[in-house]
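I have a structure I would like to understand better, so I am pasting it below and will then ask my questions one at a time.
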């Protein structure tokens, strides 16, 4: 027989019955065996439970890593610092700005540190008054439709629900937003006001950065005035010392074993070889490309329909969610940097934070090769900010190159003009700068420290999980354009996706790392609620999923409400994407009406906004008389604004309201999630 631990027990039959029978012996052995295994299993579990929890983070070269301490106050006190800069960042810009402020604090005898509010006990803000001449600065981005960034969510909720006494806390706030969005810098404005309500002292007025214009210029201008206010408030003077101090030091890793070297993973070493659920921003899923087909019928532009295979991943998504795609830079650009700097791109290195108290030991997963860093971790295609110009000055051997960099790094009107024209208008990236200023030869490890992190790209999911539970669809336009310097700039993610073409089943399929980002862009809970969806171009993407879901409900025999789609593109015979699908949905009754605007098929331009104005009665009937929902997806800069103005006008005229009443009506629709927008600029 077998006991509970699988140990076989032999029994022997005897003719006489001794004092202790064989059965007794067998039972005794079973009991002892079970007790033995139970004791040592419990002991093993107990000892393992005493171990520190495993955290997913880049590996460090040091044998003993300092654990992250949630008390930023203790860190400030133990290291003699008085400045802490918190960041709420979704793309890395706010974190970059925070680092620049903390670094400059040294010029004003304020030793600073950067802190992620998600990793801190923000209730400790009440203790800031215990540190002499202390200052807390918040670089806070507003994300989505007036939401805090993921890492600032807990802090935002703490401010909303708490009533801490923040008297004695000195603070300043810089917001990162985009004026094309309705909720421009809403989170930063709230935090600035709420801190004052709780008794804190505002040292400098809030700064509002506009990413639709020149957020770098906004930040630099605010930062200069910030330090003037700081000097006045604390009665201190600028030391005049330059703050070009390296944040990270170079570590030679040529002796590191190959299995300890990162090769493109976002956080956990070998994560793409050993995939572990759940998948998120730090642990993406390596998805196969199941389908990649062209949607445009003709013309010189390209729009791709791509399907990511998530079968077996346990990933779940809802209609209206986004999928994040992790791109990589082209090998051509990466090789060009190595060529321009005469560098060995296959050398293994690490960058280690010189601040031992920082919870961020490396700027990206280390150790790795320079080729890996430039391919997977660093943004080499965007326009560098002015602080990079400043850091490059010391590497220019030609006085003319040096003067040009000094000018662009300055905050003078001439410097701002030069930076705007030479960097922003001409769309130069770091490769172009090194090409056009040939005497500039920065150390490659320093350049890797300066460049921002390569960010994932988000796409509206254009499928419904009810219809496609094992795949995620996206609709993406290939980004290629020629700059004024006759260079061809290519979209990092879309040009990579364009190369990932599925092959036959016998060969390995192309893959790319992805994860799902939840959205508030949702269909009404009741399928019979009427809706209007407005999505020109690739703005159609989430509505393809909406239509699929409504069609699924119809096929199940459920009642579905009216569904009116407004779609527009340039030419019917060129870029009318998903035409056959949409016509089928009209034929089977899922789509009640399909309003089409082809802007270049006639002498006068015709857009979806023109059709909305023409169909005011239908619009009011659904959103006014039937309390339906309205959705907009696409360009925030013009289309979404125009749609909003038309909606207000229709409500005012058809609902017989004043302008003020119509604005309040539309505002209430937004609050009730009856008017939703998923837009980009």
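Placement of Cβ uses the backbone N, Cα and C atoms for every residue, glycine included.
Features from TrEMBL:
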| type | residues | note |
| --- | --- | --- |
| BINDING | 89-94, 141-144, 176-185, 211 | FMN binding site |
| BINDING | 301, 538, 599, 600, 605, 606, 607, 608, 609, 642 | NADP(+) binding site |
| BINDING | 457, 458, 459, 460, 475, 476, 477, 481, 491, 492, 493, 494, 680 | FAD binding site |
| DOMAIN | 83-227 | domain 'Flavodoxin-like' |
| DOMAIN | 282-524 | domain 'FAD-binding FR-type' |
| TRANSMEM | 20-39 | transmembrane segment |
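Have a look at these and tell me how they're positioned relative to everything else.
Within the same chain, the residues at least 6 positions away from residue 184 (FMN binding site) whose Cβ sits under 8 Å from its Cβ are 142, 177, 178, 208, 210, listed in sequence order.
Taking a C-beta cut-off of under 8 angstroms and a sequence separation of 6 or more, residue 605 (NADP(+) binding site) has the following same-chain neighbours: 599.
All protein chains considered, the CB of residue 477 (FAD binding site) has 17 other CB atoms within 10 Å.
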What residues, ordered by sequence, lie under 8 A Cβ-to-Cβ from residue 301 (NADP(+) binding site) and sit at least six positions away in the same chain?
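477, 478, 575 - these are the non-local Cβ neighbours of residue 301 (NADP(+) binding site), listed in sequence order.
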What counts of helix, strand and coil residues does DSSP assign across the domain 'Flavodoxin-like' (83-227)?
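Helix/strand/coil tally for the domain 'Flavodoxin-like' (83-227): 65 helix, 35 strand, 45 coil.
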What is the nearest of the binding-site residues 92, 144, 181 to residue 491 (FAD binding site), using the Cα of each?
92
Near the Cβ of residue 493 (FAD binding site), how many other Cβ atoms are there if near means within 10 Å?
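That number is 22.
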Using the structure shown, find which entry in 181, 459, 609, 680 (the binding-site residues) has the sparsest Cβ neighbourhood within 10 Å.
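Candidates: the binding-site residues 181, 459, 609, 680. Fewest Cβ atoms within 10 Å: 680.
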Quick one: pull the CA-CA distance for residue 141 (FMN binding site) versus residue 680 (FAD binding site), whole Å only.
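Checking the Cα atoms of residue 141 (FMN binding site) and residue 680 (FAD binding site) gives a distance of 15 Å.
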